[in-house]
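According to TrEMBL, the transmembrane segment annotation covers 6-25, 32-56, 76-97.
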Amino acid sequence: MLNRYFALGVPVALIILYGIILVLRKKSKIPYLGFVLFIIAGFMVAFSYQVLQYALKEQSQLDQTGVTLVLNYPFWLLYLPLGVGILLVIVNIFRAYKRISPQLKS
């Protein structure tokens, strides 16, 4: 699970998918694409959080034995997809609020 192609590749693929659907959303009038973007962002948050929790668990288990966790990438890179995912979720919630806010006033 801490393989760099898995731990960092899945969030990169999700960001690429997010970008493709974002462009499609701008060029078409399909109403549910905003919800699809929210689901992708939410999945990226959940996946990144799970990978980060697994890395922290492995680190704490290895600290008890006196061995350090050796990754082929800096540990702080695991926080980037989580931050980007949280930011995208917040942006999507704000967009949804802006979209339904005029309907709530009427």
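Please read every residue number as a count from 1 along the shown chain.
Cβ coordinates come from backbone N, Cα and C, glycine included.
Cβ atoms under 8 Å from those of the transmembrane segment (6-25) belong to residues 33-34, 36-37, 40-41, 43-44, 47-48, 51, 55, 73, 77-78, 80-81, 84-85, 88 of the same chain, restricted to positions at least 6 beyond its ends.
A Cβ distance under 8 Å defines the sequence-distant neighbours of the transmembrane segment (76-97), meaning residues of its chain 6+ beyond its ends; these are 7-8, 11, 15, 18, 34, 37-38, 40-42, 44-45, 47-49, 51-52, 55.
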